[in-house]
Amino acid sequence: MSQDTEVDMKDVELNELEPEKQPMNAADGAAAGEKNGLVKIKVAEDETEAGVKFTGLSKEELLKVAGSPGWVRTRWALLLLFWLGWLGMLAGAVVIIVRAPRCRELPVQRWWHKGALYRIGDLQAFVGRDAGGIAGLKSHLEYLSTLKVKGLVLGPIHKNQKDEINETDLKQINPTLGSQEDFKDLLQSAKKKSIHIILDLTPNYQGQNAWFLPAQADIVATKMKEALSSWLQDGVDGFQFRDVGKLMNAPLYLAEWQNITKNLSEDRLLIAGTESSDLQQIVNILESTSDLLLTSSYLSNSTFTGERTESLVTRFLNATGSQWCSWSVSQAGLLADFIPDHLLRLYQLLLFTLPGTPVFSYGDELGLQGALPGQPAKAPLMPWNESSIFHIPRPVSLNMTVKGQNEDPGSLLTQFRRLSDLRGKERSLLHGDFHALSSSPDLFSYIRHWDQNERYLVVLNFRDSGRSARLGASNLPAGISLPASAKLLLSTDSARQSREEDTSLKLENLSLNPYEGLLLQFPFVA
């Protein structure tokens, strides 16, 4: 048998063994070669073994089972557990609400309570002698905005001929400084930056007596009432009067002017200034008029020790009671004119963290001094950059200018901005309680706290050598205590600030460098 015959026989056997693989419609001759179109049919092995399907309980059977004692008891048990759990959660919520400490009601806050005030007594010295006066001030509003100040105390800028009351017009702007339209534009621009304008209306600011002669008091009062109404209609947010100690019947006039100011809106501010550092005289002025801010030389009457500064602050707060305070070292001068250079950073920290409104003069954020060579002592030029002070015969150091300090993270300007930002957003610093801590004569330390908000600890070293602070908390009220450690937010020592910022410092033996102030933060603990 040939090889071809054997292949054919195998095909026949496969076709006989697997008929299901044959094409259903193939011709006889093509059946052997067709490989597609095959159909496989699976036949159940045993159709007779199909089981009976379970259709579940009928309605009658289900009701019978559900009504059995076992299921009834189960349902009642589950229902009882549900309601007991619900009542337990309700009771727990009530207990939490009842036992939780009550939040203190927030005090009424006006805009001058929420940040610092910035004084520009000499407009041309601030913007530059040839910078356009009031119009030039508009270009510096962005800079003031970065300082986070809430109000700008401007002037005096009204027409005043030295010691001539008839040539003094409190309603008109000195034409060398700008026009009424320039001032209205300034008001609108400042409003967009959320900066309020307070106008200084000290009448005879270029003369010997700021309020003219005592016999002319009635004439001054009449002019003042007319001017107040006029400027309020223009949109001014408040007024400042300096040297009120030289004004006859000052309490009477201040009360009258306050009524005029408040009649238009409660959101208007009145500021009085005095060169006096006598606490009783200051209190007498404050008691004459409600909601009055008073700037004075009270804090400059210091021997610059921690003990002396603490005494001044606590006596002032005790004497003024619940009345809102303001803090400055003078009614118009620069901080550096009254405070030594090595304490400027310390006093910035102090003024921003005491309860009340801090008041600064232009240049205080830089450490500007009034006695620089080539500058008038009462009105130093604002050092925007090296070329802006062309009257000085020698170059100005870069770190004395706004430009230079802007670029220095350890500068006095940077510290001012950080403190101003904290002062404006932290409730404990905005309107929190104040408690002085016992410490050594070289230190002044205190706590600011409000309800359940973050608390702040301020420690100031007035000594020219390092100190370890042992803080006594025995005089703190119930519910207030010092923690074992606190987070360092700010140090007036720029080297330490960059090295230890946001680190936790132990308070048991807190170490301070010479003339260093620390601002520390710790949380409320129920």
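Cβ atoms are placed via backbone N, Cα and C, with glycine included.
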Review point. Region 'Disordered' per Swiss-Prot sits at which of 1-31, 32-62, 280-310, 404-434?
Key: 1-31
Review point. If you run the three-state DSSP split on N301 (N-linked glycosylation site), which class comes out?
Key: coil
Study note, to complete from the structure: Smallest Cα-Cα separation from N509 (N-linked glycosylation site) among the recorded positions N259, N263, S420 is shown by S420
Review point. Taking every protein chain shown into account, which of the recorded positions S58, N318, N385 has the largest tally of Cβ atoms within 10 Å of its Cβ?
Key: N385
**Study point:** For S420 (phosphoserine), the number of other Cβ atoms found within 10 Å of its own Cβ
**Key:** 23
Review point. Can you tell which of the recorded positions K59, N301, N318 lies nearest to N259 (N-linked glycosylation site) in space, using Cα positions?
Key: N318
Study note, to complete from the structure: The answer, for which of the recorded positions N166, N259, N263, S300 has its Cβ ringed by the most other Cβ atoms inside 10 Å, is S300
Exercise for review: Note down the number of other Cβ atoms within 10 Å of the Cβ of K59 (SUMO2 cross-link), including every protein chain shown.
Suggested key: 7
